[in-house]
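The structure under discussion appears below in the form of structure tokens.
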């Protein structure tokens, strides 16, 4: 353990013919992504407080929560009791209310005042305490949503630009197409799991995109190196060779990031859904590096990258 | 590539030791003279507390400015013996308009207005409109300056008010053009603070225009509601006789005669003089104390008040009298503030989050270490040493800048650690390949370092780009996540490109192995 490695992740000198299965890989990915897009359109993402606005109050009651009592206490403060739900432990109660319609003049003030009404209601419940109380007004939630989408969009463009600058356009385009396919699957995962889509999820998705790009860069780096080294090898064979050569690294790094994110998913409290999305993204990103990014590169570059013996940049 | 000078070795070790030193304060309870005292701050999500995002009402800043301008215009024209009709303000256009008494006075009006100090300072421009009216327009620069001043001044007032409540370590910062962020560690129910900050507390003293009682108020007079009886309205002169900002002190007290709660205040010399002059000249008339456009009380002046002391009573209880005194002492906000986002976390949830973060960090770190040891042997352990150095340096940099750490920040650290070994894996895999091609250990290591470097830089650059965007567009916890990852990328480059590589090279130089442990 202290000198030679005890285990080997991938045996040396694998010769797996990934490119033979490229159409199956692309088809599977396309089906999953289309399904995700359909899920995104209907039923759609569950928007979190950041993006939807309104209030969320988490309450811990003494002993198992009596929902009837909680609803009655809210009704006494003229608060709509429909938003009461259970979450986590049996003595935890989540109160979630939408913001008043933005058309009314004092909607911001009313959103903020809702929290105080809920607090007053909770104060009438013996032994109950407020764990968390958030209120986000309509103007802030609209801004947060816009900023989140901008962050996603600009990041994708910058990644495209960077890879374009460092590699040739075939690489950049296949990377970004793959990233978009990854992204749609992450969205589908969010819809299926009912995880709330908020700024933290945007952070998870951006992190996944960063890591996924990482993976692609390593494979592409090797493709570029091999293009120089083996002037006559057909591109399909060359890409296969490059994937095999980097397989151990691709899986190794994915594994360490996976291991780092796993405890967060299991014990990470409020970040657990963030970590599950990360784990999902790591698996998708790793497989897309092998089964999607490389085949797309093959499709785009079959004619061009091998057209002449000109050494790539 | 395969040689490290003693100097380089010493500096890498020195950086790591410095990192340990900078981490120390976080583990100690009391400041020690031997260590630099800079700690990481726990974010509100870990510590418990409240976050309030407040919006400064800029429309009211403009409206206020226009009211002052209209008042100034009136005074200037009257002072020059000129007349005016239909004086009006337009907040949208930022103008005050009026019609000269006769067209022949137009030139004199323009001349008088252009001589006003505000006009000389280019704060407004005066022009005659085609219909003969005169328009006074505030310049955009002056308005912008006013707006900036209003926010700066609001921050100051907010700080004074919050300090007066005894809050510990409050953070008050400007956000964007017209917003203020208030962070209150340890205060998990911000209701009182919200109330204190939501009150403008602009107190002014005006004459009551009793002659206008019952009639429609003329120009320069407004109908204001009584504080305790909003249906009852009094005609109050717009002109401010005494300004409540000229106070030196205010305190809650019980009125000796009535036994009710009241607020005693003391004017400074400017206020005392104005108060004395006004009361002397208006004995027998009613004098209104106006707070945020509501009349608190309107007593009849019985005699001139020259001592500079006064009392406000108007149905207060202990809490409202104390709060009003606090607000008067802290000063009025230049414009109303409204809360548009609030987030508060109770102490127990914060403690839960710290525990969750620490457990995740510990378990995640442990899993990665075991993985590297099992799959990469000796070189894996070198990676683990640099992984530990990486964690230390991240904490050190956060401490050095006294940065805030949130739960997402801890997740960022954890993911950085998971990703950091990528560089070691890249180098190791490359060495393995080179060995498989029958290279000598030295050549294999050299090739491993050389080839892997550009890949490491490329992959970190793309991750950095994504997180710069996240930092630029995110807020609060998400920014913190992006920040820790960005710091992590820098420390990762240091620990993998310098430290773990150096460990490998030193080991090679010491033992000159014929077979590499890969």
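Quick reminder: no glycine exception, Cβ is built from N, Cα and C everywhere.
Look at TrEMBL and you will find A:21-41 (among others) tagged as transmembrane segment.
Here TrEMBL flags A:127-302 as domain 'Protein export membrane protein SecD/SecF C-terminal'.
The annotation transmembrane segment is assigned in TrEMBL to A:148-165 (among others).
With a cut-off of 8 Å between Cβ atoms, the residues of this chain six or more beyond the transmembrane segment (A:172-193) that come close are 29-30, 32-33, 35-37, 39-40, 43-46, 152, 156, 159-161, 163-164, 201, 204-205, 208-209, 212-213, 216-217, 220, 273, 276-277, 280-281, 284-285, 288-289, 292-293, 296-297, 300-301. For A:172-193 (among others), the entry in TrEMBL reads transmembrane segment.
For A:199-219 (among others), the entry in TrEMBL reads transmembrane segment. Here the transmembrane segment (A:199-219) has Cβ contacts under 8 Å with residues 48, 50-51, 144, 148, 151-152, 155-156, 159, 163, 166, 175, 178-179, 182-183, 186, 190, 242-243, 246, 249-250, 253-254, 257, 271, 273-275, 277-278, 281-282, 284-286, 288-290, 293-294 of the same chain, all six or more residues outside its ends.
If one looks beyond the transmembrane segment (A:251-269) by at least 6 residues along the same chain, the residues whose Cβ comes under 8 Å of a Cβ in the stretch are 9-10, 211, 214-215, 275-276, 278-279, 282-283, 285-286. Look at TrEMBL and you will find A:251-269 (among others) tagged as transmembrane segment.
What TrEMBL records for A:275-300 (among others) is transmembrane segment.
Residues 181, 184-185, 187-189, 191-192, 288, 290-292, 294-296, 298 of the same chain lie 6 or more positions beyond the ends of the transmembrane segment (A:21-41) yet place their CB under 8 Å from a CB of it.
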